[in-house]
Amino acid sequence: MAPRPRARPGVAVACCWLLTVVLRCCVSFNVDVKNSMTFSGPVEDMFGYTVQQYENEEGKWVLIGSPLVGQPKNRTGDVYKCPVGRGESLPCVKLDLPVNTSIPNVTEVKENMTFGSTLVTNPNGGFLACGPLYAYRCGHLHYTTGICSDVSPTFQVVNSIAPVQECSTQLDIVIVLDGSNSIYPWDSVTAFLNDLLERMDIGPKQTQVGIVQYGENVTHEFNLNKYSSTEEVLVAAKKIVQRGGRQTMTALGIDTARKEAFTEARGARRGVKKVMVIVTDGESHDNHRLKKVIQDCEDENIQRFSIAILGSYNRGNLSTEKFVEEIKSIASEPTEKHFFNVSDELALVTIVKTLGERIFALEATADQSAASFEMEMSQTGFSAHYSQDWVMLGAVGAYDWNGTVVMQKASQIIIPRNTTFNVESTKKNEPLASYLGYTVNSATASSGDVLYIAGQPRYNHTGQVIIYRMEDGNIKILQTLSGEQIGSYFGSILTTTDIDKDSNTDILLVGAPMYMGTEKEEQGKVYVYALNQTRFEYQMSLEPIKQTCCSSRQHNSCTTENKNEPCGARFGTAIAAVKDLNLDGFNDIVIGAPLEDDHGGAVYIYHGSGKTIRKEYAQRIPSGGDGKTLKFFGQSIHGEMDLNGDGLTDVTIGGLGGAALFWSRDVAVVKVTMNFEPNKVNIQKKNCHMEGKETVCINATVCFDVKLKSKEDTIYEADLQYRVTLDSLRQISRSFFSGTQERKVQRNITVRKSECTKHSFYMLDKHDFQDSVRITLDFNLTDPENGPVLDDSLPNSVHEYIPFAKDCGNKEKCISDLSLHVATTEKDLLIVRSQNDKFNVSLTVKNTKDSAYNTRTIVHYSPNLVFSGIEAIQKDSCESNHNITCKVGYPFLRRGEMVTFKILFQFNTSYLMENVTIYLSATSDSEEPPETLSDNVVNISIPVKYEVGLQFYSSASEYHISIAANETVPEVINSTEDIGNEINIFYLIRKSGSFPMPELKLSISFPNMTSNGYPVLYPTGLSSSENANCRPHIFEDPFSINSGKKMTTSTDHLKRGTILDCNTCKFATITCNLTSSDISQVNVSLILWKPTFIKSYFSSLNLTIRGELRSENASLVLSSSNQKRELAIQISKDGLPGRVPLWVILLSAFAGLLLLMLLILALWKIGFFKRPLKKKMEK
């Protein structure tokens, strides 16, 4: 298992990557994207994979790594030097560094070494270039230890750095062969020995081999130190003959090899691993000794590989179970890696490769029982970094790809042990294939301590960063930072930087380029940590702009050539700490996102500020083209030098097949001042005439000062374009420039260090003279695409204010005291009618202190009102836009002044609300103490009802019914026609007026029965319009006469001569719910029940039918004239005078006698019956 060369995109189709000037800029500051210098190389060589700016005595260069140079067979890789600033464009030159990168005394394998995939400059001169897949051969194995070349300033390889510089196959191997008679054919054993020995590097300082053969007895074929080369051992092995024997004394053979073959007398070396390979084809005859013999081997740390040949068992068709168990017991643990079985002698050659690999895997560790690699697959140089004292080399393949960091200082090399970077808090997360050393860096704390930082992006699947310190050559872990998302490759790129240039590290940036966004694309994220003492604390995270991916729904419309390529941005694939680009005194950060824009790529520039960077990027530089010929722009970045001699840091950006050098543009500092004469507007002191009117004129002096940030002492001449806007806070200006009657003027000016110009303007006759007049000047460079850029830390707009002179005596501020009084036409309840829908509010505003400038009343009102006008002040004093603002007084309301006016409203029939709500306030631009503000506000809320305009009609088909004197009552009623006359009642409701028709309830009442229960009006039918839902209290045709049911009349029900009086009749009611409609109609059919009237005594009477209408909406009411309707049906009887009842006659006679007696009594009392004249005559 080997890691990818980086968490960066791979190779695309072969094409030339020409970074022509087809770069477009989304957000621009001072990195010039239109005049870049480009370098091109073969895409298949991954030219542009790494870039570094470089300078030596010969000049300035861009170094470009091309790790696959030598395609397709010999991909050794290399570094190109590309000249900069030579006047004419010169080609890049390959340095051929791999040729001179070498380690003595090993068999080197430089194919596929990917030299140039790591490239860093040495702060003391020269640079370091690495090939992490550099390998050397040990036997038949290739160990990819990796290598780095320390290159001098003159491009000469000074020395090569590699953690392992020789084959460390220090093994003493004794092969114990079963030579008994059952082994057949012996040639197969000889072939097995030949193939196995060919794979070994045999020599006094490498592997030594001895062979022991046993059967009934044990023979030493040759000792460990007998031969000093592989060739000699191969010759000797071919001469070995089968010794034979009827017994297989396996325990004897193993024990003899332990006691004798591994002695110093026979060539065994102290401290060298002991390996025994036992080959046998049958169960031992001394197996009772095996357990002790094997334990003795264990005690002496002899690694044992056992091989069981099953040929004799298979030929004899015998069970192998017991034999296999015995041979397994001989093998070391774990058994599955140390035990082999083959079907017969001929099959021995099939296990040679696997056996050889497992034997030589023992060389990679000092652990006698281990069979894994330590530094043999380390890929040292996968990353590199120069700290203050040490060179840090990432070795991601070390310790079975757990990884490590090799530390080098001069001739001292520290290779940490496998457990060095295991911290207590993370032991529960086993670091399997963590790739520690994927990227390395260092930081300087404020205390002066140097902190070393390494990333392991596969740790616990989420990634981790380790911060440690070197103490007397030992590593002490201080802190770990963990990623948050599985597979994000957190820690695959690290960068530290000193933002404020105080020589102390301020922030650490950790890239997670495969961080998945919301749409499951590899968006990428960069985490920013601030250094506090010796600990890093999370500060913020950075993300790219949103990218659109090739989803299943839009797969056919994607422009990406290979739609199976990763989608997103991979923001954070490269992070570079660059020197101050914008000349603001703070260093900056550049981050690459090589998969943006369909793999075209882009980079983001973040400016420093204080001790960190700003979260929003200052400039984004995307790659140009269609994403097919331009790939992965931003996969490498470097920006440390001024390469064109203008004193500005330039930025080099690499992509697949090329790189571009972007020049920084100088930053122009432009300062603008504006002065005015007079500096205040006094509307009472006119000083000029404009358009035939006296007004106030003002002269403005505008001055420009310019300089360059990089050359502050040099005189700089700038061509500027500027625009002045008068009263820029107002939509309608209160001033115009003289001679143009416009509020804006635009001019060009050339400024050499400093320059001034003049403009004049005048004030218009406007009501608002409280707020100051703001004058705005906007400026820019005449040619913003070339030359310096404006300093983005300074505004390119200047605002100055001209205040108005105040009528406040000697005080600078006017302190007013406004009061508001409000009166309305109604206070308790408003009844709104169509003919009378007006509502008025009277306002009185008074000021009792200093003049109140721009005094105004603001009226907010509920939606059921519509502003219709004002009275008593000028009509243009009020503006209505959802609320009403009325200016009171001009230009101010003086002390003691009072203004009364009236606001007129109409009701809005579109909004029927239960209340009229009005909020009124009086305010001004002058100040008013909080304690006097209470009388500036009035709230009004009045209940309101709306009188619905409608027409309520009622009519009847019959108003008079006459009953003949000779009419009789039919004994049997067969139909309703036998009953009497039909009366049809009609009700009609029609909308009139502007208010909507509410839901109504119509109640129809008619006399149904006499007080004695005799029918009067008999209901036979009910019909209505569609919007009416009627519910009669009695059923139509309750006696079911129309259905054919016959009915008899009986004189027992009503005796002839009964006097009929309908004032006491019982009434029936029909209720109809009428939904809102312009017209509603209800018809009721009734029949006069003649039998009741024929048998009764009366001459004439009236039957009253009542209709009552009621609104179901509390806000919509009906006028009293539209609530009730009555219909009177007169019934008369021909030929019969009305008969007076006997009780009436008797009562009348009694009343007459009583009255006569009372009259006589009264006359008697007054002496009416006395004769005074008679008495006088008698006297």
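Cβ coordinates are placed from backbone N, Cα and C, and glycine is handled just like the others.
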Pick from Cys756, Cys814: the cysteine that Swiss-Prot pairs with Cys808 in a disulfide bond.
Cys814
Swiss-Prot annotation: Cys697 disulfide-bonded to which of Cys688, Cys756?
Cys688
Look up motif 'GFFKR motif' in Swiss-Prot and report which of 582-586, 787-791, 1167-1171 it refers to.
1167-1171
Just going by other Cβ atoms within 10 Å, which of the glycosylation sites Asn217, Asn317, Asn341, Asn908 has the emptiest spot?
Asn317
Where else in the chain does the motif 'GFFKR motif' (1167-1171) make close Cβ contacts, counting only residues six or more beyond its ends and a cut-off under 8 Å?
none
Distance check, please: Cα of Asn780 (N-linked glycosylation site) against Cα of Asn341 (N-linked glycosylation site), rounded to an integer number of angstrom.
85
Among the recorded stretches 101-160, 365-417, 557-615, 619-679, which has the greatest number of Cβ pairs closer than 8 Å to the repeat 'FG-GAP 1' (30-91)?
619-679
Give the three-state DSSP assignment (helix, strand or coil) for Asn1073 (N-linked glycosylation site).
strand
Tell me the Cα distance separating Asn939 (N-linked glycosylation site) from Asn908 (N-linked glycosylation site), rounded to the nearest angstrom.
20
Hey, how far is Asn748 (N-linked glycosylation site) from Asn939 (N-linked glycosylation site), Cα to Cα, in Å?
55
Take the Cβ of Asn780 (N-linked glycosylation site) and count every other Cβ within 10 Å, whichever protein chain it belongs to.
13
Given the glycosylation sites Asn341, Asn460, Asn532, Asn1073, Asn1113, state which is nearest to Asn939 (N-linked glycosylation site) when distance is taken between Cα atoms.
Asn1113
